[in-house]
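Working notes, beginning with the structure itself.
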C-alpha cells in the first residue's frame, strides 16, 4: 500500500498562491544546468507527493539583427504546475500583457511577433522565474543584443605603387559589427588570392606582403567581408597594386614585425575560450617563423600552427596556458623576436554544487556551494529568488564560507535556494531544493535475494532503504547478532545500508537479515561463496617457424555452479571464428593458429569468463628462423701457425645464436670440401685459429641457433702457412711379420696435413736385440709396411720409424720390440693327466711347454675331448633306438686355455660315458701336434625325465598312467619312482609314493582314488646313483556317464538339428532317439546309437509342416520327451477308405492297362529285330499331347539302325531305350504290397508321365538318418515298374 506523506507549503521568500495539488507515485527530477535533483526511488510506494518547480529548458543569450526572430525559452516542471514570470533589467516583464509578444501555453517561453518596434527596443538582461507552492526556481540571466545589419560605405579607389622587394599592406577596414566578419581576398573572377609565407592575411582582415615581386601587380585586389549572423556579404572597392622593378639589384632586408608591431604584446583571454597569436613579418628573403614558450614547453597537444606557421592557435585555453610565448623570425640578414604575454582569467565555474535533499523536521541542512574563477567570484544566496539580505533574519540560518546552514528545519523551510557566483566576467546560478517532509521508512531491496561471490573477493549485500528522516539500517546473520557481525574487521556497514564483507571465505556463506530497528521491516539475503576460477593449464610462450601451425591450450577449474565462456584475444583484440577464414580454429580448450606468419606474432590471452569473475592467462607466438649468415669475415694478425678471424653476426630471427662453427678448406689440393676446425660460443665474434705448416687455407663461419644452421658466410681470402720440420713421428709402430725368416714393420701413416713440408718420407730403423750390437740399420720409404728379409724365425728386433721432410727430421723416436715371422709349434705338451670330479666334470692337467719349441708367441692350450659312447651296451642299444634314422656325428669338445695355465676343469660331459683326452699348444701360426690320447670314464648319474606321461581314466576311482623311458638314462636304469597326491590343501592330503623296480614297465594303473579330487602325478627314472628329474602332470578321474543335457532343437522344412552339451569329466555314453509323425499313422522310427561327444545330430527326411514326437532313450529308459514342428505347408491326410473309392480303382486299372500296351509294343519291336522312333511331320519341338496324329495312327516309322545319324527330338525319346520296362526282368510283384499311395504327375521330356510313390517303412530299424537309403538308379526320365505300381 502507498504511504501518504506529511508535507506543508513553504513560507520562505515570495511564493505564488497555492495551486490544486497533483499526486504522483514517483518523482525523478533530471539534472539540468544550474540545478541539482531530488531522487525518490521508483520502488518507494508513496501517494500525493508534490514536486518543486524545476526549470527544464533555460533561456539562451541572443544576438539579433533587424530581420531576425527573437525567442526566449523558459520551460519548467513541477507539481502543482509552475507559473512563470520574467524580469528585464531588474523590472517585471509580463509577456502575456504585451501585444507585441506571443507566449507559449503552459510555459514561460515567449516570442517577439511585432515588426513595428525597433529591434533595439528588446535589448537587455532577462531572467525567468518558475514558481509553485513549494518554491520558486530562477533561470540563468541572459543578455539580448540587437543591431542593424552592416552596410557598404562609399569609398575611394586605392592605388598603391611599390618597388620590388618592399613590404606592402592592403587594408580591408570592414564595417564594425557585433558579429565579426570572415574576410576573403579575391580577384574580379572571385578566385581567392593565393596565400603563402610571403603573402599572408592577418586576423584584422588586411593582406600583408613580406616583400612584393612584379608578379604581384594587379588591379583587382578585392576584400570581401562575410557576416554570417547578419547573412550579409560586403565587397570592398578593388585595390590596384603596381610593383615596379628595382633599377639596382634588390637588396636583402632583415626581418621586421608587421603584426603585431614592436617587440612585446599582451593578451587577456578567458578560460575555455580560443586564442590565436599572430606573427606577420617583412623581410627579403621571406623570413622563417619559429614559435617557443619562454616559461615552459610548447606542446602539440595544446597548440597548433596555421597560416603557414604565422598563427599559433589554442583550442580551449586553461590556466596552464598563461605565460610568455615567443615568435622568432629569421632570414640571412638577421633575426627579429616578438614576445607575447598571455594572461588567463576565468568566468565563475562551480567546484562544489549543493545537492537537493529530503529532510525530516528538526534536521540540520548544510548547502555547500563553492565556485572558482579569476578573479575569485563572490557568492550570494537567495530563497525562492529573494536575496537573503531582503529576508527577515532567522537565528537558525547562517553562512559559513559560502555554506548555508539551516538548523532545526520545519515544514515552512521547504523552498528553492539559489546560490549565485559572480565576478567581472559574468555570473552563474544554481537552484537547490530543501524539501522538509516526513516519509515512513521502507526497505527497497528485494527480499530473498541470493548473492554469489567468489572466494577471496568482496561481497556486498544490498539493503537500500528510503524514508524521511533517513532510516537506520542494521544487519545480522543466522550465526551471530548485529553487534558480533559488525565487530569483524572484514565486515563494514556502508552508508547506503549495504553490508560489505571483504576477503570472503566459504565460512561466510549463509543467510543474512537486514532490518530497520525503528520499524518492523526486514529482508533476508543469502550469500553463496563459490570457488574462484583458476587456470590450471595456461597457454605457453611458443617459438615457431613460419608456415607451421600452433596450438594454445587453456584449461581452467571453474565452480560447478557457474557457466563459463572461453574467449581468446590477440594483443587485446578479440578473435572471432569465421567459416571463410581457416586461420583460427576454436575447439575448447584449444586455439589452433594455422600457417603462422609475421602478422601472427603477439600475445595470445585466454579469458575464462563467468558471471562473477574472470581468469586470464597469456602465451605468445614468436616467429623464429635460422640465423642469417655472418658477414664481413676478415683475417688479421697472421702468424706462422695461427691467424685471428673476426666477423659480424647476422640477424638471429628471435632465436639467439648458440655457437659459431668455423670451417676451413684447402685451396691448393683437391679435398672433400669444407671441414670444421673449431666452435665458439654465440657471443663470440672474434677468435684465434691454430694452423698447420705448409698449407693454404680459406675460412668461413656458420651460425647455429635452436632452429638450425645459417647459410655459410662468404669465404675469406686464402692464407698460406710456411713449411717446417715434422712435429711428430708416426704412431703404432709394430711388427706384423707372417712368414718365417722375414721381419715386416708397419705403422699408422701420418696425415698429409702433418707433413709440414715438401718431400715427406719415413725413415725405418731396426736392429737385432741379441747379438747385433748397438748399430742400427735403416732405409727410407713413403708408406708402410717395410719388409726386411733373411732375419730368422721369430727373432726379436728393436724397431722405430722417424718422419722426415726437406727441412729435417722429427725428434728421435723411442724403439719398440718386434719379431720376425712365426712358425707352428713343433712339440706337444707333456705329462697330460685327468682327474674325474663327478659324472659330468673332470680336471685336465699338463706340464708347461718349452717356449723355444713354440716358435712364436704362445697363445695358449687346447683340450680335446672325444666322446666314445656309453659304458653299458644295453644303453648303447637304447641310444641307437632313440636316434634311429638320424645320421651319426662324432662328438668332440674343444676347450681353450690361457698361455700360463697348466690345468683346466672341463664340465658338460655325459655321465657314464667313455672319453679320450688330448692337449695341444698353439700360436698365431697354428697348433702343434696333440698329446697321446688319455682314456677316461665318467661315473654313473641320474636319468633325464621320462619322455612323456599320459593319463587315462576308465572309472571314477581308477587312473591309468602310461609313459616313455628317459631319453638319457645316464647310467643303468633300475626302475621308476611314482609319487602322487591330491592338489587340494588339506590335512589328509598325503603324498603317496611307489617304486617301480622293473625298468621295462611303461604303465601303471592306480585304484581307490577320490572321484571328487584332482591329482598331481610325478614320475622319475632311477639309477644306482639316485632319482632323476621328474615329469609332472595333473588330472581327474572320469565320472560315470549321464545323459545329455541342455538339448537344443532347430527345425527346418524336412529336418531338425539337435545339439547338446556333455558333462565335464563324465564318460561318454551312448543313447538314441525315437521319433514319429504326430499327424500320421506311421510307427516309431529310431536313430542309430549316438554318443555324447558328437554334440550334434540331424533328423532328416521329415515332412514339412508336421509335428513330430521325440523320445530320448538312455539305458532303455526315456530321459527326455518333446515335440517339434517342421517348417512349410503340410499335406492333408488321405482318408482311411481312399483305396476303396471307385474312381481310384478305375484310375489304377487304366494305368495298368496302359503299361501292358507299352510292354506289348516293346515285345513287338524286339521281335522285328530293330528299334524305331516316332518322327514328327511338324518342325520344331512340340508337346506330345498337342501334336495331331496323322490318319489317327502313330505316324511313320523308321529303323534306327539305318538312320543312326539322325538325332532324336527332345520331345520324343524312345519309349524303350535304356528302360527296364522292355527287359525280360520286368515284374509287377510289388503292386499287391502297396496299401496306400500318393500320386504326383510331372511333365518331363518324354511321352510317358512319371509317377512316384512313398512307401511307409515296415519296421523302425529299416530306415535311419545315419544310414540313408541308397540313391535310386537313374532310368533316363522313365519310371521303374516298382515306382509306377507303388
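Every residue gets a Cβ built from N, Cα and C, even glycine.
Taken from TrEMBL, the feature signal peptide applies to 1-36. Among the features that TrEMBL reports, domain 'Ig-like' is placed at 53-139, 149-240, 255-343, 348-435, 441-524, 532-622. Per TrEMBL, the feature region 'Disordered' maps to 245-265, 709-733, 1174-1216, 1253-1286. What TrEMBL records for 629-724, 729-823, 828-941, 942-1041, 1042-1129 is domain 'Fibronectin type-III'. What TrEMBL records for 1174-1209 is compositional bias 'Basic and acidic residues'.
Using DSSP to sort the residues of the domain 'Fibronectin type-III' (629-724) gives these counts of helix, strand and coil: 0 helix, 48 strand, 48 coil. Among the recorded stretches 255-343, 629-724, 729-823, 942-1041, the one sharing the largest number of Cβ pairs closer than 8 Å with the domain 'Ig-like' (149-240) is 255-343.
Counting same-chain residues at least six beyond the ends of the region 'Disordered' (709-733), those with a Cβ under 8 angstroms from any Cβ of the stretch are 626-631, 633-635, 638, 640-641, 643, 645, 647, 650, 661, 663, 665, 667-668, 674, 691-703, 745-750, 754-758, 760, 762, 784, 799-811, 813, 816. Taking H, G and I as helix, E and B as strand and the rest as coil, DSSP gives the domain 'Ig-like' (255-343) the counts 3 helix, 54 strand, 32 coil. Residues 163-165, 167, 169, 202, 204, 206, 208, 210-211, 214, 278-285, 287, 329-341 of the same chain lie 6+ residues outside the region 'Disordered' (245-265) yet bring a C-beta within less than 8 angstroms of a C-beta in it. For the domain 'Fibronectin type-III' (729-823), the mean pLDDT of the prediction comes to 91.
The DSSP breakdown of the domain 'Fibronectin type-III' (1042-1129), given as helix, strand and coil counts, is 3 helix, 47 strand, 38 coil.
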